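Undergrad: Mind having a look at this structure? Questions to follow.
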């Protein structure tokens, strides 16, 4: 049966399994013989430049469990270059919260996503986006609020509070420079429930 273009968004705090869920969907698309293009922001260098990765905590450290090939981009021009030169049925974008200033203008990135959905509206075409919905200050993060509003399907994941073990919806920053965007992992962030995040807020 013919399916129209679809936008799927995966969101939640750090350590909630967003990249793992994205990779799971991409593996299913691979089995279905779909042509896939995966993009990530070049600022996110935690897993290297040419892959997205599912990470798990092992012996107190973050380790890569599974990965998937990806292109790193730093500008909207690079985004369109990849999109225009590749033939694909599925476009996956990881860490989409980073597609914001000073590297991107959020409204331009959002417009690009909408343009692709409009262009392929009558095709079996999917855009799957994963990203943090909130900053560590519990504020909307970059283009994510608008993408969530646009989405045909939203998967909102939770983590486990590193402090008390309750369900965690928030990301706690443990130090850093005070800037809104600081790329890090266990060295800089923990997942927290509302009670523990407020109590330990920096």
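Note that Cβ sites are derived from N, Cα and C of the backbone, with glycine treated the same way.
Straight from TrEMBL, here's the annotation block:
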- 95: active site, proton acceptor (ACT_SITE)
- 12, 13, 14, 15, 16, 17, 18, 19, 94, 95, 96, 97: ATP binding site (BINDING)
- 161, 164, 193, 196: Zn(2+) binding site (BINDING)
- 181, 182, 183, 184, 189: substrate binding site (BINDING)
Undergrad: When you put residue 14 (ATP binding site) at the centre and draw a 10 Å sphere around its Cα, which of the binding-site residues 164, 189, 193, 196 have their Cα inside it?
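TA: The binding-site residues passing the 10 Å Cα test are 189.
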Undergrad: How far apart, in Å, are the two Cα atoms that lie farthest from each other among 12, 13, 14, 15, 16, 17, 18, 19, 94, 95, 96, 97, the residues recorded as binding ATP?
TA: 16
Undergrad: Which one, from the binding-site residues 14, 161, 164, 193, 196, has the smallest tally of other C-beta atoms lying within 10 Å of its C-beta?
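TA: Result for the binding-site residues 14, 161, 164, 193, 196: minimum number of other Cβ atoms within 10 Å at 164.
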Undergrad: Three states by DSSP: which one describes residue 16 (ATP binding site)?
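TA: Its secondary structure by DSSP: coil.
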Undergrad: Other residues with Cβ within 8 Å of the Cβ centroid of 161, 164, 193, 196 at the Zn(2+) site?
TA: 162, 163, 165, 166, 168, 192, 194, 195, 197
Undergrad: Ten-angstrom check, please: count other Cβ atoms within 10 Å of the Cβ of residue 16 (ATP binding site), all chains counted.
TA: 21
Undergrad: When DSSP is mapped onto helix/strand/coil, what comes out for residue 196 (Zn(2+) binding site)?
TA: helix
Undergrad: Looking only at C-alpha atoms, tell me how far residue 189 (substrate binding site) is from residue 96 (ATP binding site), rounded to the nearest Å.
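TA: Rounded to a whole number, the Cα-Cα distance is 18 Å.
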